[in-house]
Protein chains: 2
Amino acid sequence: MSVTAAKGFTAAGIAAGIKENGNPDLALVVNTGPRRAAAGVFTSNRVKAAPVLWSEQVLNSGELAAVVLNSGGANACTGPKGFQDTHATAEKAAEVLGVGAGEVAVASTGLIGVLLPMDKLLPGVERAAAALSEHGGEKAAIAIKTTDTVHKTAVREGSGWTVGGMAKGAGMLAPGLATMLVVLTTDADVDSATLDKALRAATRTTFDRVDSDGCMSTNDTVLLLASGASGTAPEYDEFAEAVRAVCDDLGQQLIRDAEGASKDIKIEVVGAASEDDAVEVGRSIARNNLLKCAIHGEDPNWGRVLSAIGTTSAAFEPDRLNVAINGVWVCRNGSVGEDRELVDMRYREVHIVADLSAGSETATVWTNDLTADYVHENSAYSS
Amino acid sequence: MSVTAAKGFTAAGIAAGIKENGNPDLALVVNTGPRRAAAGVFTSNRVKAAPVLWSEQVLNSGELAAVVLNSGGANACTGPKGFQDTHATAEKAAEVLGVGAGEVAVASTGLIGVLLPMDKLLPGVERAAAALSEHGGEKAAIAIKTTDTVHKTAVREGSGWTVGGMAKGAGMLAPGLATMLVVLTTDADVDSATLDKALRAATRTTFDRVDSDGCMSTNDTVLLLASGASGTAPEYDEFAEAVRAVCDDLGQQLIRDAEGASKDIKIEVVGAASEDDAVEVGRSIARNNLLKCAIHGEDPNWGRVLSAIGTTSAAFEPDRLNVAINGVWVCRNGSVGEDRELVDMRYREVHIVADLSAGSETATVWTNDLTADYVHENSAYSS
């Protein structure tokens, strides 16, 4: 499954020794053709890791033969040496695969500000190439994990073609893409412009609306590669929907595996004057630490939802705001609504509806609760 | 000391029964003149509590005879009834003090979305009026506490006049004023326009740069009352500096008592192209949950500082950023600097310097670490 669900792809995942604990840390995904169309979406953080700078440049051609991904080090804030290391990684993959370095994307994840152990990474690329297989998708998905507790894959079947993918991400999940590395593959016969259009449309309403902790990464990378191996050129709408569905599925898996989380919170903003307003309000609620603590405590503290809405520039009148938590309209017209005791908060999924009463646009943003486990995981992360 | 350090003021703090645990919860501050000049600064949250709406209106006259403050309930998101309750509180204080209701400001703090128990609050106003004293400042400061572990007061002496004040605030501390109620008093002979100018200048660089958890309250209120009782009209600069110093002192006390915090983090942004850039960068760093967790773990994880800077619109080049933590320049030119092992993180105060290398403007923002205790306090707050 994963990145090898679609025909025309091989993949591998190995332990190159980048991680000191010996876990798998290097993945290779190869497009065996016949076509090599590709598109990518990257972090909007202005501090970008070396592999992001490299891969953005490589993708200008609209073609990729392979992607090298490593966990165990982000290669971010590593200066000119870091960029040289990314370049050398692409060169090594190109050499062993018999392609050009300009056809190889690189993605890295892990601690910022540490150089990668190239004496382990480069031999690892050779070993990964030797391990490439049409069934290697799962191993590749496992090799890109950092604090993920499970590996994440998803597949959708079209009419004679397939879209599959893998993702990693557990912390630093925020709009402008979570700290995620995602590789999607398809055997549909699609050109790079179409891939780009479908991928941007998909990420805008999926990964871009997953906001676990409000922190935007330096390394976010989402790639979509097409081999054309199915020989089928799909209708755009059907193809775009399949890409969206795979992104949505992977995004949900990211939220469910977010660091330390005990609740998955779906924030549905309705009645907005514009979609931008709805997204702004959704993100503001998703980033409110006090609300996230309250949800952790199974406390339907709707006042914190209103406080968060009040910090936005969205169109609304305070005395027309309504808020439902798990189906109970605890706030009506900006004031006390139904009895908060009626709200059942025992389950993992929490559904907040914020009605701005200002129009008919909507947006849904996903986040998690804030827990002592999150604090613990992230206070001990680099040490 | 507190609000009764300056001549011309009486105060009281009592237990009116608003808090179920019987702790003090009602404070009254009265300006006995000869003048009654006043100024105020309020939350910029668009969802404003009833007492904020009331007090903003009252202050249009530039005069205040008294302030009623209660803890135990924010009277926010309480609809028309909440506003009527604030009005009734001012009316009651006006009646017992022999002034007009339009000369009485009201401030409330506590849980949002709950009506105040007026059957306890109104008799409480009468009892507080009966308890007014020139030595009542400490008791008033105690009565406005919510989750504060200590009450907060500060005093500065001018040339023949005094500025004193009290503050409460422990959570929901963010720019646009923290969840704070602050009353400052002075016996200087100053008009309301001068008070307004000095207060706005002071809060802009003190309370507005205290950002404990990024959450902006519905109730923030900072009032400055002048009695003129010293008979001395100070130089503006000396007066403004005394007001700033009292605000700075109280702001520091708020940070040191922030919910669950174990570290006080001073974020000094230097080399900015503009003060706005410096403040934007400082706030972005202050709100980065991952950094706040890392600091809690005594981990000088400077990559998270760069990630936070990268999300701003400030002028900078990624490869010219420098970051020092507790005096060690762990990041130079956007990359690895001095050895992070040299950073001593054992003490409560942590000092981060972010140098944007883009100009000569600076700003300092204060925040706290993110701890399991913060999660615990705020997951159990309203239940």
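Even glycines carry a Cβ here, placed using N, Cα and C.
Curation plays no part in TrEMBL annotations; they are all automatic predictions.
Here TrEMBL flags A:Thr179 as active site, nucleophile.
Secondary structure from DSSP puts A:Thr146 (substrate binding site) in coil. What TrEMBL records for A:Thr146, A:Lys168, A:Thr179, A:Glu259, A:Asn378, A:Ser383 is substrate binding site.
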Against chain B, in sequence order - binding-site residues A:Lys168, A:Glu259, A:Asn378 with Cβ under 8 Å:
A:Asn378
DSSP three-state call for A:Asn378 (substrate binding site): helix, strand or coil?
helix
How would DSSP class A:Glu259 (substrate binding site) in three states?
coil
Since the record lists A:Thr146, A:Asn378 as binding-site residues, which of them has the fewest other Cβ atoms within 10 Å of its Cβ?
A:Thr146
